[in-house]
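Trainee: Found this in TrEMBL, in case it helps:
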- A:82-194: domain '3-dehydroquinate synthase N-terminal' (DOMAIN)
- A:120, A:121, A:122, A:123, A:124, A:144, A:145, A:157, A:166: NAD(+) binding site (BINDING)
- A:196-345: domain '3-dehydroquinate synthase C-terminal' (DOMAIN)
- A:199, A:261, A:280: Zn(2+) binding site (BINDING)
């Protein structure tokens, strides 16, 4: 794995490159401290002469748009900036329509590009816009959260939310380039960094026991922002890239990436996506604990494995029990309804990601809903 | 070409099959009189046990939904019917959102399918919905107009209109099956049949002189609805399928299919898509004449070729001059603005489909806008 993560010196910076291998849709993820400064040159190298529409939420625009814009100007790239409100509710039909209109109003042509400067919300929404305008414009991601750098910027999933659930409307649309400036994460609130870290830990838990052990040793350095942070982001991107390359359209193995997500999404939905109570990564953290406890219940793993996962997620400050979510939760029946309507359902049988040990997750398509329901009832009453 | 169009007897009916060869996304177009009756069995053969959402406009629903529904029931296929208003204005963000919501409300899962029973409007809108719900549901087309049977049901282009132009928002999403019942066309108003015929003639003009000559001889039988109609639909689908297979995402040769469309779209836009004045196929007919006249102007073809095209399109009753459009048209400058914003533009240079003779169209990417502008001025004043 590590041999495909190439370290190189660029303009005096250390930069790691993860190649996402998807044939004609292959692209590079570049990772390093201070990449934003040279972003214009990187983009111009991939798309010389392109005109850009840059989408950012108001928070990120205030922090980083000026520097990004200057970098584009320095590279001679014409661009229009479009801002959207911060927050999950921006992933809606109305903003989708507005952004499509604004990209067209900027008279971008097919060889031009739409850029997402932001976290998962802006990346998912903007990617869907890029997929749809003129039936597919080039798309560039400049992820500004840890979650976006290790998860949503890899693999081409884009989308918006529907009244029926999260991410139910969208497209697979691969970016042409991803620039992950790990120094930007210094401006991230600790809670958001932790939430993104849940996805980093997930890559260890689902398929790489060595990486999980490495994180147990090095997580403080990852939080502090040294070379370990770049290493953690690169190994996470590589892990996801490997899975995505093997299964671009999520027909099989890619489902492993949903470790912790079926429970996690149900909890997010149960609190009506109120981020004061629960953000996505926190839902994933609790969801991963539930996936391990449910695997233990089925006799797949022992108490010691569950304890080890519990300890690491707790150490970094992530929530690990449904009771860690402030306020009242709905009953197990409601959570089951949400799970049944979740997109990881096939012909009525429940699909869960279970595990046989650290780094040994697998897809189980025939899970009995009654077992899950009983398990959730106990957990909610615990 | 004809060897890949297989005639076979099914339930006593003559049926032609055109295979659209796109690797894992390959699919069949089945063409024949009375196919609707056996549609349920055909769909069940491709997607056993699938649940369906069937989208139709109010006009088509009144004429054909009952028969289609009975055929689905007879094959044991559960389905929900969703109707939309008839007309181009249905291809909008609001209906896109509503249909996505309704498909989700029907609790369709990934292995289920969305069906378009209708003309190009319903096919384009429904296809985009199918592409977006759960990032891609299976899609089945049952085209009920000649235009939809020979054009929009082949090739996977889906989309809606934006305030900036037609079809500017959408996706490439291939159907799993297309069922073209040519008897349904008996219920089509003559004006709509003629408009669809413009696209049939286009396939001859762009790349198959023999087919154009065959149409000159047989067009009356095609209109009357005999075996010649099935033959014309099948050859048209095969012609489009050949081009699409060679260039699925329209990076090169597929642009040939736009013969007559750059001018045609500009005229449709100029009359604000008022179908009382001009429908798409009529715009294409006038647009094809303009493309031939412009090719003559550039010295590519002679007067006799222009005359031959003019005669055939006039014979079938299609409009051939901008003056055939009732009411006032905007000046050439406005048409040029529309053409410049049209999606067949690359980095400011105009792309046109020109021709060196019947069946010898080609893509010319470097057309001087001033030449087009002068040509249009003359035509508008003629």
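Glycine too: its Cβ is placed from the backbone N, Cα and C atoms.
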Trainee: In whole Å, how far is residue A:199 (Zn(2+) binding site) from residue A:145 (NAD(+) binding site) when you measure between their Cα atoms?
Mentor: 12
Trainee: Taking the Cβ of residue A:280 (Zn(2+) binding site) as reference, which residues of that chain separated by at least 6 in sequence fall under 8 Å from it?
Mentor: A:120, A:147, A:195, A:264, A:268
Trainee: Taking just the CA atoms, what is the gap between residue A:261 (Zn(2+) binding site) and residue A:124 (NAD(+) binding site) in Å?
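Mentor: A Cα-Cα distance of 17 Å.
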Trainee: Round to a whole number and give the Cα-to-Cα distance in Å for the pair residue A:199 (Zn(2+) binding site) and residue A:122 (NAD(+) binding site).
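Mentor: Just about 18 Å between their Cα atoms.
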Trainee: Give me the sequence-ordered set of same-chain residues, not including A:199, A:261, A:280, with a C-beta within 8 angstroms of the centroid of the Zn(2+) site's C-beta atoms.
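Mentor: For the Zn(2+) site the neighbour list reads A:147, A:151, A:198, A:202, A:260, A:264, A:281, A:283, A:284, A:287.
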Trainee: Over all pairs in A:120, A:121, A:122, A:123, A:124, A:144, A:145, A:157, A:166, the listed NAD(+) binding residues, work out the largest Cα-Cα distance in Å.
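Mentor: Spelled out: the longest distance between any two Cα atoms in A:120, A:121, A:122, A:123, A:124, A:144, A:145, A:157, A:166 is 21 Å.
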Trainee: Report the DSSP secondary-structure composition of the domain '3-dehydroquinate synthase C-terminal' (A:196-345) as helix, strand and coil residue counts.
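Mentor: Output for the domain '3-dehydroquinate synthase C-terminal' (A:196-345) reads 108 helix, 1 strand, 41 coil.
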Trainee: What are the DSSP helix/strand/coil residue counts across the domain '3-dehydroquinate synthase N-terminal' (A:82-194)?
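Mentor: Per-class counts: 45 helix, 35 strand, 33 coil.
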Trainee: What is the Cβ neighbour count of residue A:261 (Zn(2+) binding site) at a 10 Å cut-off, with all protein chains included?
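Mentor: Total other Cβ atoms inside 10 Å, all chains included: 23.
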Trainee: Over the domain '3-dehydroquinate synthase C-terminal' (A:196-345), work out the mean pLDDT and round it to an integer.
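Mentor: So the average pLDDT across the domain '3-dehydroquinate synthase C-terminal' (A:196-345) works out to 93.
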